[in-house]
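Structure incoming, see below.
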Amino acid sequence: VRFPPLTNKKMPIFCSVEGEEFGPVFIQEPDDAIFPLDSDEKKVVMHCEARGNPPPTYSWYINGTEVDSDADYRYSFIDGNLIIANASEITDFGKYQCKAVNSFGTVLSRDALLQFAYLRAFSPKTRGGVSVREGQGVVLICTPPPHSPEIIYSWVFNEFPSFVAEDSRRFISQDTGNLYISKVQPSDVGSYICLVKNTVTNAKVLSPPTPLTLKTDGVMGEYEPKIEVHFPTSVLAAKGVIVRLECFALGNPVPTITWRKINGNIPKKARLRKSQAVLEIPNIQLEDSGTYECKAENPRGGTAFKGHLQVYTLPQWVRMINDTQMDSGEKLQWECKATGRPRPTYRWLRNGLPLTPQIVNGELTVHKVQQTDSGMYQCVAENKYGAIYSNAELKILASAPVFVPNPVRVIATLGKDVSLECKPRASPKPRITWKRGDRRIQPNKRIMLLRNNTLKIVNSSRADEGNYVCRAENQLGSAEMTAILWVKEAMRVVLSPSRVEVTVGESVVLSCKATHDTSLDVAFQWFFNQRPINFQHDGGHFEYIQTSSTVDLMIRSILLKHAGKYGCRAQTSADTVFAEAELLVRGPPGPPGVVIVEEITDTTATLSWTRGLDNHSPISTYNLQARSPFSLGWQTVKTDPDPVTGDLESAMAVELNPWVEYEFRVVASNAIGTGDPSAPSRGVRTKEAVPSVAPANVSGGNGRRHELVISWEPVSEEFQNGEGFGYIVAFRANGTRGWKEKMVTSADSTMYKYRDETFPPLTPFEVKVGVYNNKGDGPFSKVVIIHSAEGEPREAPSDVKAYSISSSEIRVTWKPPNPGPGKPRGYEVSYWKDMEQEESGKKQRTVKNETSMVLTGLEGNSVYLITVKGFNSIGQGPASAAVTAKTRKAPPAQSPTNLMWIQEGNNVSLSWDPVKAKDNESDVIGYMGRGHNQVTRTINPSTMLSLPEGGTYIIEVRALSEGGEGAVSSQVRVVTSSGKLGAGFSPLTTSEIQSLCTGCVLFVAILSPALN
């Protein structure tokens, strides 16, 4: 069974005395349910559970008819739950109600609707084709099969799963299920299939196809819109749900849809969906009700549709009824009240049956209740959309008088009034009489009988001690209660000291002593400002010390918040006495009141404030503090007068920076310490002034040839003193008289470049940088000497040479240009292949000032053109004349083959076939191997090796050419016996063999111990 989602409903809270009898109270009532007919679970469970003592019994009603499980085997009960086997829509659809009964009454549950979810197949009947002109609108009918509950519509174009995409031209109505095409195009021709999906079971079925074709008798001309599908003229919606209003029109050109709310605005939460064909309003509320209009327009005209949206609400309780106990003969007046739209009506049930008399607008009145009126009552508030139940039990009491407890002991204080209560449990209300001994008490001026049957004795004395008897009597019986009265001396309490002054951080002891009748026990309680002190919570400061009839309160490490009134309450069974003492705490001042900026200039601010608490120690001085966007938190400012004495409530902050926004606050001090600051003032900006701070760290240099570069540290906004801030750069060649001045208008600028081709490199200049703003010119920095730029290198490197060192490497060397301005800081080598453009070549720079470089990664047997140019931080110098170099041919690709060896002890005889280079490969000039850098030589393709004893060695052979090393041969593994190195072995390094092999044939073998 599928149930709606749980809601945050208020559940009843049950509280009953163990063993107490009471009528049925629902714990769980049945909920609406939807049962899928194709479910594997073939039974439906409707839940119902109630509490009660004695436990209730249950019965069920379907559409008002009681379920008879004996007559229909499909129905059974488990506790209060109803089980329906083999449920079907024909017999079991409808409203279900649970009834719970015990000896105290009957209650009915709310109605629960049981529905069944299913989706039948479409009719297999072939659907006729639809033929329209191009540009004409068309509606393709879905005609869904029988189903429950709601279904979702979509359309398939030609074959599944190619779905029709909705846009401004095509729309699928979730109300009718039809497909609407406002303007048919040739691409729309095809077969259309309606697909429906059950929202509960997710089952899907497809309709037979509907062919759509185009007529050949012409194209449809333009025509005004026609609204083909729209929401109803009257829409009803439950509060809180999502409302979807549909509106779509046929037309040529394709119409546009717009929405508006008559006499109001469309809710902001509303959303337009499907190219504005759907207006969706989530969480609908009463204020969203009203008339909505959709309008379809195109260049040929427009049309509109209006409909009214009305929001309804289910009844909701405002006032409910509660369990009630009454004496017979009393008046019962119960009222239940609920809100809802439409306004709810009310009906009453007693033990599940209707009550008609004495009911007005939800109010039930019974003037004189009788025992027969006992039972379970239900107020039902309902409108056309739902009903809610409020349940309560009415108990009519009937009992003879009973006193609990009995007897009662009362202790009074001498000279004070005392009251003796008489409150029996009885129904109906009993008649009360008092007597002392055998004599009935007659009221007088000192002994009074109050309306609630309490006996009051004024100004009690020892003579009033004794037994007093209250007698209660009704038609069901009588009972007596004895009150034993003792009169004791009044208690006195002394709290000392009654007033004490302390300083923050000190400790104090308050002592509370009680004088009382020794036959009575006394209990003490301490209060602070009328509230009990929690010694566990405030144990860090308060300690409770008690000895017999005295109790002390120790207050440690006193804070300002501990100032106030401390009370001691002493209590016996006869009397309660309360005494108070006042504690004054001296401490640093409290924060001053609101700080106001009375007047502001460029460097001063006149402030005023109101005095704060002095905390029982006179304020000696005030400290003024300021904060700006440039300060690190709050900073103390200089003042006039200085110091600001405690009798003042205004002062002037001086030496502020012009044109800076400040906040101000005030801090008070006294002999004990400094208090908390006031709240900040509002932010204010000082007036503008001429700048007073010159730029720092004026320097320069570098730049391109004929440039004078001047740099400085910018002046912080804090010291710019006004708007329109900028710099004045002044300079002159060393030894000249007139200054050149240039304005730099950006406050963030840090550099100025002056270019003049008439002065030579490294010309010395006197330079100073000043400041200005809208108020005028400020100071200049100190004069510094700055040289003009030396410029980029002027000459190209000389004596450039290049030669190949392998098939992929060329070494380039050069000499630096003559000394002078424009000294290179490094060199850039450009190289490119012959027959190619220089722009397509590559560039490589030296790390420092080296005068040689090896170019790598080149192609073998190729001619390269190479230039060298110097560079520095200013730029690049001219390039040298291009030189050429040709890389060597590539080394042989063939490895030595047919490697053969004969071993005799530690001697190994090796031979192999010589390597023959191809035309495009370098000639073989030897053979080379690597392995711990051990090599040997021979002029023939064979050799004799004498290996060290006691090892396993691997031998490899490779050819060596001008182009580099050739491919390696296969490996030879040799094992020698223990012993010493043979005399015929001569190890050499690779560089040694290269120096020995020029013009000769070499054998180079790798002799390396093999890895185990």
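Glycine residues also receive a Cβ, built from the backbone N, Cα and C atoms like all the rest.
Any TrEMBL annotation is an automated prediction that lacks curation.
Straight out of TrEMBL:
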- 24-109: domain 'Ig-like' (DOMAIN)
- 124-207: domain 'Ig-like' (DOMAIN)
- 225-310: domain 'Ig-like' (DOMAIN)
- 315-395: domain 'Ig-like' (DOMAIN)
- 401-482: domain 'Ig-like' (DOMAIN)
- 491-584: domain 'Ig-like' (DOMAIN)
- 591-689: domain 'Fibronectin type-III' (DOMAIN)
- 694-791: domain 'Fibronectin type-III' (DOMAIN)
- 796-890: domain 'Fibronectin type-III' (DOMAIN)
- 676-699: region 'Disordered' (REGION)
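I'd like these features described in context: how deep, what's nearby, how far apart.
When pLDDT is averaged over the domain 'Ig-like' (24-109), the result is 92.
In the region 'Disordered' (676-699), the DSSP tally of helix, strand and coil residues is 0 helix, 6 strand, 18 coil.
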Going along the chain, which residues at least six beyond the ends of the region 'Disordered' (676-699) come within the CB cut-off of under 8 Å?
588, 590-597, 600-605, 607, 609, 612, 625, 627, 634, 656-667, 710-715, 719-723, 725, 727, 767-782, 784, 786
Which one, 124-207, 315-395, 491-584, 796-890, has the most C-beta pairs under 8 Å toward the domain 'Ig-like' (401-482)?
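Against the domain 'Ig-like' (401-482), the leading stretch is 491-584.
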On the DSSP side of things, how many residues of the domain 'Fibronectin type-III' (796-890) fall into helix, strand and coil, could you say?
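Computed counts for the domain 'Fibronectin type-III' (796-890) are 3 helix, 47 strand, 45 coil.
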When each of 24-109, 124-207, 491-584, 796-890 is checked against the domain 'Ig-like' (315-395) for Cβ pairs under 8 Å, which one has the most?
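It is 24-109, which has the most Cβ pairs under 8 Å.
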May I have the DSSP-based helix, strand and coil counts for the residues of the domain 'Ig-like' (315-395)?
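Per-class counts: 3 helix, 52 strand, 26 coil.
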